[in-house]
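Worksheet: the structure to be examined is printed underneath.
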């Protein structure tokens with residue numbers, strides 16, 4: 001119990017240190033007038049300098065630890081440098097824009113909308129639809145929203161610092177988890193390696209990145225907890241801490257349940273697979289009764305995870321039990337080329353491919369003799385099993401989104417690769433101590449080479465962060481902004497005419513970034529893939545299509561008043577041909593790729609040519625507002 005409390009205290013300390021490093025660094029970066037990343041190499045150059053400084057600092061921290069003095073200071077230094085590495089890798093390239101990777105486009109649009117909703121109110125609500133509980137896990141967005149509300153920062157503007165800070169916190173906690181299990185110097189190596197890979201492949205989705213970097217130590221700890229009844233000389237943790245790791249595994253799964261559904265499902269799948277493999281081995285060795293222990297531990301994990309996950313999932317499940325649900329599984333209706341095949345990162349001819357291949361070989365050699373290796377091997381196999389199941393489920397007209405587990409697979413293999421590199425160097429050093437110096441030099445050079453290329457890999461996402469128009473109507477590259485620069489005028493007009501706060505107004509628009517910047521409710525979401533199943537996306541789309549066949553304002557008002565959902569009172573549209581106003585909507589066409597087909601709905605201008613509507617042009621937009629009853 002004392003060890004568990006000490007570990008918890010170290011995790012809290014790691015979160016505090018990471019938050020402090022991120023806050024100070026991001027504030028310092030924001031105070032300088034930088035050139036835009038796409039048009040200048042200065043930010044990339046400074047990122048490289050910062051990365052080299054952090055990697056050198058970690059090397060020095062490892063030396064201090066090995067010297068046997070100031071070990072608490074060495075741990076603190078390790079937390080500072082892994083945190084600083086994360087911040088400089090993401091924060092420096094984004095230094096001249098207020099937007100995060102991928103700007104306010106596509107997926108980031110609905111994520112920003114969710115953050116805006118939970119900034120406006122702490123209540124757990126759907127991002128778009130009035131009166132519905134959330135379907136997508138709100139954990140990351142709720143905390144970010146509370147930070148935004150506390151600091152008085154617009155949600156869209158807090159997205160970048162919160163994304164970077166949250167990933168930094170996860171990386172720091174990862175270091176703490178590893179140093180609980182392995183030597184501190186090795187914990188530094190595996191943490192910085194997995195952090196770098198996570199930043200490359202998972203950082204555009206910050207809440208997924210947090211779980212991805214935490215998965216390897218969490219799964220190793222879980223495997224140790226499940227196996228704690230066995231008396232093996234090489235197990236990572238002792239038997240007395242077995243139930244502490246079970247509790248920790250339950251907390252991690254519960255955390256994943258409130259954070260990201262797909263990685264929750266994968267982690268649960270992996271833990272169940274671990275339990276079944278262990279129970280089978282115990283049954284063969286000691287009889288059927290021996291299987292009770294891992295099953296009992298699995299039950300404990302499930303109970304803890306379910307209790308935590310219920311905080312965010314219970315409102316939706318309770319509502320879904322009696323309300324109609326449409327487009328069930330639409331979120332899984334996506335099958336890109338990566339989802340149609342198995343990924344083998346260890347076969348890439350690159351630095352990353354080499355470390356993944358080394359990790360694969362280490363797993364094969366050490367699985368039978370190392371708890372770490374066996375845990376990682378099962379986790380890797382679970383990714384491939386999940387991918388095969390995902391391909392098979394296409395027969396049922398859905399998928400398991402296996403392509404989104406490719407960063408997870410890579411991080412697991414890199415984790416194994418670091419352990420393989422360490423053990424290979426140690427084995428060779430028995431014959432010549434100079435091998436350790438050579439290995440250190442190779443490792444440092446490889447780390448610098450891989451890290452400094454991260455901004456290049458992220459360049460497309462970084463470019464969009466500079467070319468999208470932010471909530472102030474400005475672009476990070478200081479070029480003429482897009483039509484979003486008129487959003488402030490639309491917002492002012494809506495507030496003036498309706499006389500209602502934003503969270504009491506439902507808007508129908510195809511320019512969904514308006515809902516990302518301002519906490520209005522939407523009548524229809526971006527696509528069915530992001531829509532709450534309780535919202536009946538398909539029926540709403542059919543209703544909008546029917547309005548295009550109406551001819552008078554009275555018919556439209558009658559149609560609005562008889563809707564089974566809160567009707568829109570604000571319409572943000574574009575001018576169409578032949579005296580019409582247009583909305584460009586989306587339809588799910590899975591299994592085709594692209595999985596979304598855009599179509600245009602033309603609403604006759606005559607529907608709004610009535611004293612009960614206030615209609616005006618604002619930039620390229622047509623704003624039609626249904627006047628309150630007393631003003632009509």
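Just so it is clear, glycine is given a Cβ too, placed from its N, Cα and C backbone atoms.
Feature annotation (Swiss-Prot): of 136-156, 409-429, 472-492, the stretch labelled transmembrane segment is 409-429. Residue ranges 184-204, 499-519 are listed, and Swiss-Prot annotates 184-204 among them as transmembrane segment. Looking at 116-133, 242-259, 530-547, the range tied to transmembrane segment in Swiss-Prot is 242-259. Your range for transmembrane segment, going by Swiss-Prot and the list 76-96, 559-579, is 76-96. Across 242-259, 263-282, 434-454, stretch 242-259 shows the highest tally of CB pairs under 8 A with the transmembrane segment (298-318).
Counting Cβ pairs closer than 8 Å and at least 6 residues apart in sequence, the transmembrane segment (10-30) and the transmembrane segment (263-282) reach fewer than three and form no contact. Within its own chain, the transmembrane segment (434-454) has Cβ neighbours under 8 Å at 47-48, 51-52, 55, 59, 85, 89, 189, 192-193, 196, 199-200, 351-352, 355, 421, 425-426, 428, counting only residues six or more beyond its boundaries. Residues 55, 58, 61-62, 65-66, 71, 74-75, 78, 82, 85-86, 89-90, 100-102, 107-108, 163, 167, 171, 174-175, 178, 212-213, 216, 352, 355, 406-407, 410-411, 414-415, 417-419, 422, 443, 447, 450-451, 454, 457-458, 461 of the same chain lie 6+ residues outside the transmembrane segment (184-204) yet bring a C-beta within less than 8 angstroms of a C-beta in it.
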